[in-house]
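See below for the structure under consideration.
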Protein chains: 2
Amino acid sequence: MTDSTTSPAAAPGLPFEQTEMHPQRWGSPDRAAALPESARGLVEMAFGVDERPALESPALPAPAIEPSLLDALRDLVGAEHVITDDETRRLRTRGKSTPDLIRARTGDLSDAPDAVVRPGGHADVVAVLAWAVEHHVAVVPFGGGTSVTGGLAARRDGYAGLVSLDLVRMKSLLAVDPVSMTATLEPGLRGPEAEALLAEHGLTLGHYPQSFEYASIGGFAATRSSGQSSAGYGRFDALVVGLTVATPTGDLTLGSAPANAAGPDLRQLLLGSEGAFGVITAVTVRVRKLPAVKLYEGWRWASFAEGAAAMRTLAQTGLLPTVIRLSDESETAINLARPEEIGGEAAGGCLMITGYEGEQAAVDAKRAAVTAVLEGLGGTALGEGPGEAWAHGRFNAPYLRDSMLDVGVLVETLETATFWSNMDTLYTSVKSALETSLGAGTIVLCHISHVYETGCSLYFTVATKEAEEPLAQWQAAKVAASDAMIAAGATITHHHAVGTDHKPWLAQEIGPVGVQVLRAVKAELDPTGILNPGVLIP
Amino acid sequence: MTDSTTSPAAAPGLPFEQTEMHPQRWGSPDRAAALPESARGLVEMAFGVDERPALESPALPAPAIEPSLLDALRDLVGAEHVITDDETRRLRTRGKSTPDLIRARTGDLSDAPDAVVRPGGHADVVAVLAWAVEHHVAVVPFGGGTSVTGGLAARRDGYAGLVSLDLVRMKSLLAVDPVSMTATLEPGLRGPEAEALLAEHGLTLGHYPQSFEYASIGGFAATRSSGQSSAGYGRFDALVVGLTVATPTGDLTLGSAPANAAGPDLRQLLLGSEGAFGVITAVTVRVRKLPAVKLYEGWRWASFAEGAAAMRTLAQTGLLPTVIRLSDESETAINLARPEEIGGEAAGGCLMITGYEGEQAAVDAKRAAVTAVLEGLGGTALGEGPGEAWAHGRFNAPYLRDSMLDVGVLVETLETATFWSNMDTLYTSVKSALETSLGAGTIVLCHISHVYETGCSLYFTVATKEAEEPLAQWQAAKVAASDAMIAAGATITHHHAVGTDHKPWLAQEIGPVGVQVLRAVKAELDPTGILNPGVLIP
C-alpha cells in the first residue's frame, strides 16, 4: 500500500473551482441563472410565470451558546477553526430540499447553527465529540450540505447549543493500494476533489450522483448514496470496504477483508447512519482504472413498460451497461422541447440512456451485446446525440429548479425502489397520489434511475404552481406520495436517506422492532444523544 | 408473485435421500468408508497408520429439564414435536468441526440438548421463544448441524434447560416471483432440497458450499455462507433480499427493495447473527435460471503467486467465471497422486479450477474471454479432466477427514480473507504458525476459494499425526493460526462464522466498540439471553 497523503490543494485539474454553495439556491452563486428562454415559454404555458422579487440575505438568529463553551472549543481545535460569523453559519443552515430552499428564500433561518467548527482530522473530531458530550451540545456533521431530506436540520431544544461539524479541512487521500484497487479518503472531499486526487493515480471512484459537484465522501457513506453510473460501478455502500468512525463511545475501525462471516456486517450498520451514530473520518473504497472510453447513447421505446422490461432483461442476464436510465412518456415529452436530441419530433415514446465506460475492447464487447438485446426487444437506437446531451446536463437539474422557484413554480423530486413485479403498481400509485394532492396543472415526471437483478428505483420530478402556502402544499403531497410508497410495500428512499423528513415512513418500513434496534445502537454509541439529534432515528 | 407453497416431499428428483447425519462423523452413515487404498499408501508414508477401534454409541447425560416444562412446550407445538430420545438428542449435539468429532468419538456428549423441539412454522417459533423466555430455557436453532465453529455448543449453566430448535419441519418454498427473480424459502430446507424445489420452476440458487448436502437455508443466512460458485452467483449474504426473523422482542421483516437508503441495512445485521439475535423463519433470495451448461476445467500455473495474480486480473477486469479456485503447490502435489487428472506426472506447479454455468452463448463468450486472459498471463490449459474431477468430488472432503481420523490422523480446515496486497503475508504467516505449532510431519495445504475485486479468501487444510491429547494439540494450533490472521490484519473467518470458537478473535477484529454494538443489539432483541447463549457475542 502506498501511503500517499495528498489533498486537493496539491491536485491539479479540478474540473471547476469548488465554491461555497449559495445559501438560498443550489450550487455556485456564479451559475445561478434566470429561466432559459427556451424553457420560459413552456413554463408560461403550463403554470404561468409569477416573477418573484430578488432574494435578500435574511437575518440570522444570534448564536445561542455560552461564549465560554466556544472558548473551550477553540482551545481544542484552534481559534481560527471555530467560526461564528453570519455568512458561514448561513451556509451551514439546512440542506437543499425544496422546502429548505423555500424557508431560506422566505427568511426562515431558524435552524442555523450557533457556530461552525472545522476539525483538522480524526483526533480533532474525537476531541470535539468529547467537548460536546461534556457540555451537552448538539453536533451536526456537515460535508457537502446537499441533503434533501432534512438531514442537517437537527433538533436543538434541550441542548446547550448546536454546532455544525464542518469536515472541509479533512480532504486528504490517505492511502492508495493499487494492487487491491482500494483508496482511503477523508470525508470532507467533495466528489470532483476525490476524482481529481484519484486521477493522479490513474484511478476513479465512478460515483456520480446528481449532487456530485458538491456532495462529500462522508456524505455518500452516511446516506448510502447511489450514483448515475451505479449499474457499472455499484452503489456507494457497495463500494465501501472499510470505515473509520469516531463515536462518543469510542472509535470503530471496520473492514478487515472484502467480505467475511465474522458476525453481522457492521459496516452496513454505519453506512446510512447519517451522522447519528458517529462521524465517519475515513472511508476505504474500491476504485477502478480511469476509463479510456466514455460513450453514452439514446434508445427509444414505444412505452415505459417495454423499456423497463428491456432493463430487467439486461440486469437479469448480466449485461448492464455502466449507465442505464429510462424516462417515462411525460419526462420524455418534456425532453421533446429539444427534439433534435432524441430523434426527431415524431419520436414520442420513452427515452432510455445507456452509457459505457472502460477500456475500448470491453466497451465494444458490452455495447455490442447490449445493442443486440435491445434491438431484439424492439428498441430504436438514437445514436450518441441524446446520450451526450444527458451527460452534458447531468448535474444541472437543481439549477433549473431554482430558476423555476424564481418564477413561482414549485419543483421537487422524490424517489423509491421496489422489486420488478411491483414496479407498475408503485409507479401508478405514487404518480396518482401526487397528482391528486397537488391538483390540476401538476406535472409528474418519472424515470428509472437505478436497476438491479431483482428490481429498480423510480425517481419522480414534480412541478406545480406554487400555492399561497407552498410548504404546506408540498408537505401534503409528500405525505401522500410517501404513504403510497409504503402501502405498495416499497422503500421510502432508494438513495436520498432518511433525515428528518422520512422518519415516520422509515418506522413503518422497518417496523417497531427495527426501530428499537436503531435506538439501541444509538444509545450505545451516542448515549447522551448529541449526534444529529432528531435525524434518522424515529 | 406466485404463491406456491410446496415442500420437498412433493418435489421429485432430489439428488439423493436426505438422511440424518452420523452423530460421530460427517454426512450419511451409508457413505462412511475406510480410507481408500489409493490414499492409504500416502497416509502410511506421511503419518503412519494407527487404526482406531470402531466407534461406539456413547451414553448421553439424562435430560436436565423439569418434565413439566416440556409438557407446556408440547401443548404449544404438539406432543410429537417435542422429542427427548437419546438418538435424536445425540444427533443435535454440537456440529462437525474436528474437535466436535473427536469429542463425539471419545464419548463426550456433554453438550447434548435436553430436548429437541420441531416448530411447524413462524407462529410455532414465536410460541417456543415466548415459552423459553418465560421459563429461562436456552434455545439453540438447528438447521443442518454443519457448524465447524462451535455454533451449536451453547452455554447451558444458569438456564432451566437447553432445547434444540430443529427447523426440520420448515421446508417450504413459500413463494416464487419469476419476474423479480426471487424466491422465499423456509429455513429448514437443506441445499439439495431447496435446489430441487426451485428446479421445478426452472430456477436455481447456485449456492454450493462444501456443506451443501446437509446445510440449510437458515444456516446459510445465519452464518454468511459462501459457496464454491461465489464468483458467479455471489455469497449467500449478497443473495438475500429479504428476511423474516422471530426474536423474543418481536418479529422483524426486512427487505422492501433490492437496495435502499432508508437508514442502515438491517438485513446485514441479521445475516451472520448465528441464532443469537433471533430465529430466521423465511429468507427471500435472488434466484437465477437453471444453467443450460455447466463446464469445469483445469489450468496449471508455475507458482501460487502467478495463479493468484491471474485471479486478481480476472476479478479486476470483470471477467470472473462462475467458479474459480487455485491450489497452492502443496495442495496441488497431493492431487498429483492422481496425475491423470491434472495433466501428467511432470505437471507440478499449481492447479486452478475454472467453471462456467449459464446459457451456451454466455458460457462460450465468458470462457473465450477468460481463456485469452489466462493464456496471456502464462497459464496452461489442462482441459476438462481436472475440472470434472473437482466437480465430482466437491462435497467429499469431510468423508475423507473421517477416514483419516479412523487411522489416527487429525485433519482440520480453517480459512480467512484479506485484500490482495496482503495475501502473501497472510498465507506465509498462517502456514508458518500451523507448522510451528504442530511440528514436523505436519502437512499444510491451501487454496484460494473465493475472489473479489479487492481481495480473496485463503482456505487451509491441515493434516498431522494425532497426539496423545488431540483436542489440546489442535487448540494450540488454532490459536496460533488465528493470532496470525489477526496480526496480519485479516479476518478470523471468511465463511465459517464465529460460533464459540472464534469469539476472542472477533473481539480483536471489530474492537471493543464493535463488541459493544453487538451486545446492545443482543440485549434489545433477546433481553433475557435465551438465544444460543455463548455463541457469537464476545
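Using the three backbone atoms N, Cα and C, a Cβ is placed for every residue, glycine included.
Record features, source TrEMBL:
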- B:Y459: active site, proton donor/acceptor (ACT_SITE)
- B:109-290: domain 'FAD-binding PCMH-type' (DOMAIN)
- B:1-32: region 'Disordered' (REGION)
- B:R325: site 'Important for enzyme activity' (SITE)
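Here the residue listed as 'active site, proton donor/acceptor' comes close to B:T413, B:L414, B:E415, B:C446, B:H447, B:I448, B:S449, B:H494: these same-chain residues lie at least six apart in sequence, with C-beta atoms under 8 angstroms from its C-beta. In the three-state DSSP reading, the residue listed as 'active site, proton donor/acceptor' counts as strand.
Sequence-distant contacts (6 or more apart, same chain, Cβ under 8 Å) of B:R325 (site 'Important for enzyme activity') comprise B:Q228, B:M352, B:I353, B:W390, B:H447, B:I448, B:S449. Across the domain 'FAD-binding PCMH-type' (B:109-290), the model assigns an average pLDDT of 97.
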